[in-house]
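K.L.:
Dumping the structure here so I can ask a few things about it.
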Amino acid sequence: MDFIKTPKVDNVKLLERYNARKSTLGTLYLTTTHLIFVDAQGKKETWVLHMHMSTIDRLPLTTGGSPLQIRCKDFRCVTFVIPRDRDCQDITESLQQLSQPSNIESLYAFDFSLNDDIQKSFGWHLYDTDTEYLRMGVPSTHWALTNMNKSYEICDTYPRNLYVPASATTPILVGSSKFRSRGRLPVLSYLNRSNQAAICRCSQPLAGFSARCVEDEQMLHAILKANPKSKYMYVVDTRPKINAMANKAAGKGFENENYYSDIKFYFCGIENIHVMRNSLQKLIDLCEMRNPSMSAFLTGLESCGWLKHIKSVLDTAVFIAKAVRDGTSVLVHCSDGWDRTAQTCSLSGLILDPYYRTVQGFQALIEKEWLSFGHKFTDRCGLLGTVDSKEVSPVFTQFIESVWQLMQQFPCAFQFNDRFLITIHDHVYSCQFGTFVGNCEKDRLDLRLSERTYSLWGYITKHMTEFLNPFYKKSYEHQEPVIMPNTSPQCVKFWAGMYNRYENGIHPRENIVDILSSASDHCASLEDHVQLLEKRITQVCKLLGKPDQVIEKKLNGFLSTESLDQVSDDNNDLPLKINKELIINGETDKQQSDGESTEKDIINSNKKSDSESGFDEMSKSVPEDLNINMTLPVPLLEMR
């Protein structure tokens, strides 16, 4: 609360995103975790999580007050007009402090609490490195586990358990790590069990213009020999060649072909983090245009370059996947091996292996390629105020969108739906869960996140039905285990469901997957309600003294409510009609209590708190007084 100078401001206007002339009058509340706007009628609330805030800008003063515009990392944009300039200044300063903590242990994850019956430890151990590699057939004759990094002494941004060629000796491993940027030596990422072709990953070599390392050359040769059926292997540099050449001047660069035998080099042309950051900002600006013409929108989409970059990532992943499918091993690197390398290795695995297209498998893929191998989530997502703004980049956002692009071409191949991807994306930034806090495995162990925070995987497991794809066909695993997407320009789509999801002014045709998911959820809800009603029918009949045979017939639909009037209880001489009146008039404490519990059960079955949902919803309706006729179960209404 130290940062909150003004916790409440009245007579604030919330401007409509695409029509500034329309506004809603209400009250603005500032808490330690959220900015909350409640309209004057109290029927709608707009919640904005502090950790989702990207930029907080005071716009030029107007006659109506001081405008405050907040852009969020989940692509929401809200603008408030605050009557007094001093209040606007206080709110701005408070939000800047609350949305950019200076200490990693001040992040929301360390204070967040779920109302769900979920233990903090649940979900943290769903992924196990050794189990995942065992699934791929490792250790084997050609691949072995090394414990050289068990204390992170070789590379502090790599996991403790590393799988390397069985023929690679300790001197080779140590020498190779010293020749690679930040000690990130070549290690196994994925092994194709059917043909023994492997995907390995590392960082760029410290080659400069002429340096060489015999141990590194031997390391790559060992990777090649681990695939006996192949006469050569690829080294895929995901950078544009001109960028890699520029790095040679800094003593880094790429492998010298003269020193590495039986290796083919391939440059892919994925731009660096700075280009991607600027590209996304242009896309966001485009999505916030008010009433753009078709020409302006298409021109802006082309000039921002976002879809072109998505295509570059997909092209690289397809090249790697095709090589492995055809039996050739691939070594992938960029500069430091934790951005473009993570994107392309994980996407190629997704293309090759149907397991990664399941919910559990996709979680394992993220754990392995992104979390274990040290993608810098804290830096790239700008979670702390101490992070250099030049380190922030939407690398993981690009990966999530690339997966979505694959789902558009193969809608039956994925067990999960769009909501699953968006949930993961948004919670990377929300910091409600500790899963993505920290820059590497060592950071997370040092912070004891599995003891102090909740796991996003635990929440997703608890709410699995929300994230399942109704089109999923498990037979894809055998019929089409490898999915090879078409990366032609016309096949790369704009994802309105991600970047325009908060746009209320346009009503596009609803996605068929969402319709089916909603219908499935509604059916499940109705089934639960039927079970509740059956339970209440049984309770009411027992109160009326009906024998079990009558209750069973009623539940099976053989007796109408009216026919119950003709059935008398062997142990009760009172007619049924009198008993019904007792129930309806509530003349006994027990009967009244049961009736109230019926109403409460049905009301509670339709309630869901923010903590249970795992989300901080944009809008919440404040319930009006409930009509008892709408909440009592059907049998009681019929009796009435």
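Heads up, the Cβ atoms here are built off N, Cα and C, so glycines get one too.
As listed in TrEMBL for this protein:
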type	residues	note
DOMAIN	123-499	domain 'Myotubularin phosphatase'
BINDING	Asn272, Ile273, Cys334, Ser335, Asp336, Gly337, Trp338, Asp339, Arg340	substrate binding site
ACT_SITE	Cys334	active site, phosphocysteine intermediate
REGION	585-626	region 'Disordered'
COMPBIAS	587-623	compositional bias 'Basic and acidic residues'
K.L.:
For the recorded substrate site formed by Asn272, Ile273, Cys334, Ser335, Asp336, Gly337, Trp338, Asp339, Arg340, which further same-chain residues have Cβ atoms within 8 Å of the site's Cβ center?
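P.N.:
These residues sit around the substrate site: Thr238, Arg239, Thr341, Val395.
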K.L.:
If you count CB neighbours within 10 Å, which one among the binding-site residues Asn272, Cys334, Asp336, Arg340 has the smallest count?
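P.N.:
Checked Asn272, Cys334, Asp336, Arg340; of these binding-site residues, fewest Cβ neighbours within 10 Å: Asn272.
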K.L.:
With Cβ-Cβ distance below 8 Å and at least 6 positions apart along the chain, what are the contacts of Trp338 (substrate binding site)? List them in sequence order.
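P.N.:
Residues satisfying the criterion: Thr157, Arg184, Ser203, Phe373, Gly374, His375, Lys376.
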K.L.:
What kind of secondary structure is Cys334 (substrate binding site) part of, going by DSSP in three states?
P.N.:
coil
